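Colleague: Here's the feature list from Swiss-Prot:
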type	residues	note
ACT_SITE	Ser91	active site, phosphoserine intermediate
BINDING	Gly17, Leu18, Ser19, Gly20, Ala21, Gly22, Lys23, Thr24	ATP binding site
Amino acid sequence: MSTIPTTRSGLVVWFTGLSGAGKTTLARALATLLQEAGYPVEQLDGDVVREHLSKGLGFSREDRDTNIRRIGFVANLLAKHGVIVLVSAISPYRETRAEVLAAAPRKLEVFVEAPLDVLIQRDVKGLYAKALRGEIAQFTGISDPYEPPLHPDVHLRTDLMSLPECLDHLLAALERLDIVVKVSHQ
């Protein structure tokens, strides 16, 4: 079931969490639902943006902040033009996330979480194993800090909730903001 968009007002939906928590999976699934319902949607994935817009940046705190600020600039620009922007980026530092989201016309901060043992099991690239062996320096959640949101708009435990359950929570949050009306994934 889908309906016509309620508004042309844009929004930044910022998915934050550790690698493997499900940020990109959720953003892709939500984008599909919203696009099928006629909403203007763009996805900004942290890995893709880092490869193209932030090529050459490392993983120091300064470089990570620069990367997040770049993503935020693009996201906020699109949102100001009526686009629902779905950002999936680890974005480990609270202060930088808050700074970027403060500039958004409207925002929804989504904390995507799963326990470390689950993230390690999900890790098909073996990045966590390498980080735990010390082969990857500055790996968020292992040798570099991740500061979870203190008061996210939506908190999704992907180890306890299915993808459809997570989508239900996200759609309900978008409905509360009067961004969408009754978009269904069933």
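Heads up, the Cβ atoms here are built off N, Cα and C, so glycines get one too.
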Colleague: How many Å lie between the Cα of Thr24 (ATP binding site) and the Cα of Ser91 (active site, phosphoserine intermediate)?
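Modeller: A Cα-Cα distance of 13 Å.
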Colleague: To which of the recorded positions Ser19, Ser91 does the lowest count of other Cβ atoms within 10 Å belong?
Modeller: Ser19
Colleague: What residue among the binding-site residues Gly17, Gly20 has the most other CB atoms lying within 10 A of its CB?
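Modeller: Going through Gly17, Gly20 one by one, the largest Cβ count within 10 Å is at Gly17.
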Colleague: Three states by DSSP: which one describes Lys23 (ATP binding site)?
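Modeller: In the DSSP reduction, Lys23 (ATP binding site) maps to helix.
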Colleague: Would you mind reading off the Cα separation of Gly20 (ATP binding site) from the residue listed as 'active site, phosphoserine intermediate', to the nearest angstrom?
Modeller: 13
Colleague: How many whole Å apart are the CA atoms of Gly17 (ATP binding site) and Ser91 (active site, phosphoserine intermediate)?
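Modeller: Answer for this pair: 7 Å between alpha carbons.
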Colleague: Counting only residues 6+ away in sequence within the same chain, which have a CB under 8 Å from the CB of Gly22 (ATP binding site)?
Modeller: Val112, Ala114, Leu156, Thr158, Cys166
Colleague: Applying the rule Cβ within 8 Å of the centroid of the Cβ atoms of Gly17, Leu18, Ser19, Gly20, Ala21, Gly22, Lys23, Thr24, what extra residues of the same chain belong around the ATP site?
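Modeller: What remains near the Cβ centre is Phe15, Ser88, Ile90, Val112, Ala114, Leu119, Thr158.
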Colleague: Could you state the whole-number distance in Å separating the C-alpha atoms of Lys23 (ATP binding site) and Ser91 (active site, phosphoserine intermediate)?
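Modeller: So the alpha carbons of Lys23 (ATP binding site) and Ser91 (active site, phosphoserine intermediate) sit roughly 11 Å from each other.
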